[in-house]
């Protein structure tokens, strides 16, 4: 009242838009939109490939701690055209007895940061060849190591399907070969589909694939926006 009598105007109440700006937006209800946000928060770059396998009994043992892939199952990554020469050498062992990647078997292979669809991290994983790759049909085996932690955390069983989304992490990798403690320049998001019904699995895979398309579209928009600044 005193302010009104002195001619001073009372402060206006906050506008509705100011109140709305102070309240955080609710999380998206579509799990695929949540995945897109998570991929952005993790700093994922371009999607390199998707690898897929119906898990067998040996893959589903946590103490085995690896997902084993034939060349045909792994070719999406191997023939992606995205790998550097140094990364290819890490996958295939370097071809020399004195190669650094052979000094410690646990640290051999190409390093990838491992995640699941909820953004839980499974530490560094390694992808590499076991056995030779020769012949026109691409014989040989590849393994994604440290897979047992994902098996144990998600209750993976034989007959279930796993799809691995492999992403490039920015910035681009340096030209020199990776050292043992160098950060990973690729990431893999492992998606488990707990069903042995092929039609049900296919429907779930196609439904969740929309998240990768939305993420790719959103990343493209961001790149165009940044290029214009």
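These residue numbers are counts, starting from 1, taken along the chain as shown.
Quick reminder: no glycine exception, Cβ is built from N, Cα and C everywhere.
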Listed range which TrEMBL flags as region 'Disordered', given the options 54-84, 85-115: 85-115
The annotated region 'Disordered' range in TrEMBL, which must be one of 1-32, 129-160: 1-32
